[in-house]
Amino acid sequence: MKWKALFTAAILQAQLPITEAQSFGLLDPKLCYLLDGILFIYGVILTALFLRVKFSRSADAPAYQQGQNQLYNELNLGRREEYDVLDKRRGRDPEMGGKPRRKNPQEGLYNELQKDKMAEAYSEIGMKGERRRGKGHDGLYQGLSTATKDTYDALHMQALPPR
């Protein structure tokens with residue numbers, strides 16, 4: 001009995017819809033235009049507020065004075081460079097424990113190549129002599145284990161027929 005009632009209710013719901021979207025007026029074009037207008041005004045207001053905050057920050061930045069008691073101060077390089085030498089006036093090297101740095105007049109930022117010395121060492125690349133061990137094809141297949149080498153030696157390579 002329950003199955004008959006359930007089956008009848010399912011068929012009635014499929015054939016006779018209870019509500020439609022038209023009954024609420026959601027497909028009315030006037031309502032869509034109204035909602036589009038509201039979203040457009042909302043977007044314009046948000047864009048105006050964002051631009052006001054963005055451009056007012058750059059004008060307010062000099063108003064903040066950096067003091068000694070402030071927790072976070074902006075980096076002020078002043079007359080220092082990005083890679084400045086520490087303790088420049090005394091010429092001490094912090095990597096050597098503060099000992100004075102020896103200045104070598106020949107030591108520059110870049111050393112030039114000395115072609116005459118380089119030419120002697122690399123003027124000619126010598127060739128190593130060929131090593132021949134065992135049969136003639138050992139040079140092709142190096143590093144074979146003894147079992148694999150025996151199998152290789154037992155097989156004879158045949159020449160390919162000409163094309």
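Heads up, the Cβ atoms here are built off N, Cα and C, so glycines get one too.
What Swiss-Prot lists as transmembrane segment is 31-51, and the listing cites sequence analysis.
Residues or ranges marked as topological domain 'Cytoplasmic' by Swiss-Prot on the basis of sequence analysis: 52-163.
The phosphoserine annotation in Swiss-Prot covers Ser58.
The domain 'ITAM 1' annotation in Swiss-Prot covers 61-89.
Swiss-Prot lists Tyr64 (among others) with the feature phosphotyrosine, giving similarity to another entry as the kind of evidence.
Per Swiss-Prot, phosphotyrosine is recorded for Tyr72 (among others).
According to Swiss-Prot, the feature phosphotyrosine maps to Tyr83 (among others), an assignment based on similarity to another entry.
The compositional bias 'Basic and acidic residues' annotation in Swiss-Prot covers 83-98.
Summarising the annotation, Swiss-Prot assigns domain 'ITAM 2' to 99-127 and lists sequence analysis as the type of evidence.
Residues or ranges marked as phosphotyrosine by Swiss-Prot: Tyr110 (among others).
According to Swiss-Prot, the feature phosphotyrosine maps to Tyr122 (among others).
Look at Swiss-Prot and you will find 130-158 tagged as domain 'ITAM 3', backed by sequence analysis. This prediction places the mean pLDDT of the domain 'ITAM 3' (130-158) at 64.
Summarising the annotation, Swiss-Prot assigns phosphotyrosine to Tyr141 (among others).
The local packing around Tyr152 (phosphotyrosine), expressed as other Cβ atoms within 10 Å of its Cβ over all shown chains, amounts to 16. Residues annotated as phosphotyrosine in Swiss-Prot, with similarity to another entry given as evidence: Tyr152 (among others).
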Tyr152 (phosphotyrosine) - helix vs strand vs coil (DSSP): helix
